[in-house]
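Undergrad: The structure's right below; bear with me while I get my questions together.
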Amino acid sequence: MTIQYLFLVHFLLHFTSLIKSDPEPLHDYCVAETKNSQNIFLNSVPCINPDHTLATHFSTSALSEPGSMNQFDFNVTLSNVNNLPGLNTLGLTMARLDIAANGLVPPHSHPRASEVTILLEGSLLVGFVDTSNRLYTQRLRPGDSFVFPKGLIHFLYNTGISSPALAVSGLSSQNPGAQVSSLAAFASHPAMPDDVLRKGFKMNGQDVARIRRNLGG
Ligand SMILES: *[C@@H]1O[C@H](CO)[C@@H](O)[C@H](O)[C@H]1NC(C)=O
């Protein structure tokens, strides 16, 4: 084997491990055991003995109703191991997004998942920014889909002045995580030092205080 060949093998192994999402399941399924909580931290959720799994473990009505609107006039309801234990280890989350007229899902990212969204009702302006700060944006009509690559900052804006928007997303992790850019910067606990925000956003102390107040930080 030549050095170049070894280098190529190393590169390919490294590359395939980079593009993997959640680990591959080792069994048909691994229904989450969420009742018998033990005082230990596992980087996964243990599974029910397959002899005791039920069809209902693979079904949920959690996404049948909209949740209550937040300060940005949207709500996201997610499937998780509690409301849909059969999703455990399968590397998937389903999300229902309700966005009120003129509401905004503000710029945010999912550190562990790509997301594909289909718009069912209303109209949305969606977009993401890549790591070279290039913006990709599209206007969606009902039936249109859009994909947000893993970890990139994205938004969904209901441009309708009177109609709410309803969309459904699939995410490529059972625990995608979500980090809203504005809240991470201005509403963290404890607060980020004022100087960091002043310098980072090139603004004065009053602006920092005002944005904090507006965001409930
Ligand atoms: C959505 O609504 C549910 C139930 O009303 C609430 O628990 C949850 O915090 C809301 N989520 C967001 C992102 O607004």
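Indices start at 1 and increase along the chain as displayed.
Heads up, the Cβ atoms here are built off N, Cα and C, so glycines get one too.
Feature list, courtesy of TrEMBL:
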BINDING   His108, His110, Glu115, His154  Mn(2+) binding site
BINDING   His110, Glu115  oxalate binding site
DISULFID  Cys30-Cys47  disulfide bond
DOMAIN    61-209  domain 'Cupin type-1'
SIGNAL    1-21  signal peptide
Undergrad: Within 10 Å of each Cβ, count the other Cβ atoms, then let me know which of the binding-site residues His108, His110, His154 comes out lowest.
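TA: With the binding-site residues His108, His110, His154, fewest surrounding Cβ atoms within 10 Å: His108.
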Undergrad: Between Cys30, Cys47, which of the disulfide-bonded residues has its C-beta surrounded by the fewest other C-beta atoms within 10 Å?
TA: Cys47
Undergrad: Neighbourhood of the Mn(2+) site (His108, His110, Glu115, His154): other residues with Cβ within 8 Å of the Cβ centroid, in order?
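TA: Not counting the recorded site residues, we get Ser109, Ala113, Phe128, Phe148, Leu152, Ile153, Pro176, Ala178.
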Undergrad: Where His154 (Mn(2+) binding site) and Cys47 (disulfide bond) are concerned, what is their Cα separation in Å, rounded?
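TA: It is 33 Å, counting Cα to Cα.
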